[in-house]
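Annotated features in TrEMBL:
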type: DOMAIN; residues: 20-90; note: domain 'DNA-directed RNA polymerase RBP11-like dimerisation'
Amino acid sequence: MENRRLVVAREDEQDDRTKTFIFKGEGHTLGNALRTLILKNPDVIFCGYTIPHPSENKLHLRIETKEMSAVDALREGLEQLQSLSDHVLETFETAVSDFKSKQMEV
């Protein structure tokens with residue numbers, strides 16, 4: 001895997017609709033969030049993840065789709081997770097700012 005943070009296991013698979021992706025340096029936090037978002041795609045048949053061993057710092061994410069490529073399903077899931085994370089951060093920062101403003105008034 002060298003220095004790449006994401007690789008495709010068994011890249012020689014002919015079917016683009018079935019892939020296993022290996023994320024180096026990731027765990028349950030990313031795995032569960034991605035799995036949840038990817039499974040909302042109606043073209044996705046299966047999406048699951050495993051952590052091969054607690055001492056290994058990597059995540060295996062398996063995606064199987066009907067028509068679209070597994071890479072496209074992963075890309076959409078990552079984009080949705082980024083959008084969701086941006087929204088949560090913006091909402092949190094606004095709430096903190098509002099709280100601090102109210103504290104200054106007291």
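Cβ atoms are placed via backbone N, Cα and C, with glycine included.
Keep in mind that what you see is a predicted model, and the values were worked out from it rather than measured.
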Using DSSP three-state counts, the residues of the domain 'DNA-directed RNA polymerase RBP11-like dimerisation' (20-90) come to 32 helix, 20 strand, 19 coil
So what's the average pLDDT for the domain 'DNA-directed RNA polymerase RBP11-like dimerisation' (20-90)?
96
